[in-house]
Amino acid sequence: MNKAFSVPPPALGRHLLVDFWEAGQLVDPAPLRPVLEQAAQSAGAVVLEVKLHDFGDRAGFTGVALLAESHISIHTWPEHGYAAIDVFMCGDCDPMASINVLRRYFAPRHEDLQELKRGTLITSKP
């Protein structure tokens, strides 16, 4: 029997969805700016802009690093000890390197990571 093995088609980008539980650093966004820049640079990405919004009264924050290769976004719920993080990158960037930087900063006791291949290219070859 002749079996043909197929190679998964390449993807345009990798999208990591990460939940950090029992995390720290969930209230004040100010120290996060250099961390986001370091997270992007460690992955080989280029930071275009960082935007942070503090919801005040210790209610958490949202932040995004706009990258030439896509984005890193973070939204925190201090009352739940939770941070939701998305890292989407294309090209030769390594989004997992960004997660490692963010993991050191937030120091979660628990985490869940999912990876999606985005823009999977369809080819006409078997």
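Each Cβ is built from the backbone N, Cα and C atoms, and glycine gets one as well.
Remember, TrEMBL labels are computer predictions, not curated facts.
Per TrEMBL, the features are as follows:
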ACT_SITE  Ser70  active site, schiff-base intermediate with substrate
ACT_SITE  His75  active site, proton acceptor
ACT_SITE  Cys90  active site, proton donor
MOD_RES   Ser70  pyruvic acid (Ser)
>> Just to verify a number: CA distance, Cys90 (active site, proton donor) to Ser70 (active site, schiff-base intermediate with substrate), in angstrom, no decimals.
In response: 7
> Within 10 Å of the Cβ of His75 (active site, proton acceptor), how many other Cβ atoms are there?
Replying inline: 17
> What residues, ordered by sequence, lie under 8 A Cβ-to-Cβ from Ser70 (active site, schiff-base intermediate with substrate) and sit at least six positions away in the same chain?
Replying inline: Gly13, Ala45, Phe88, Met89, Cys90
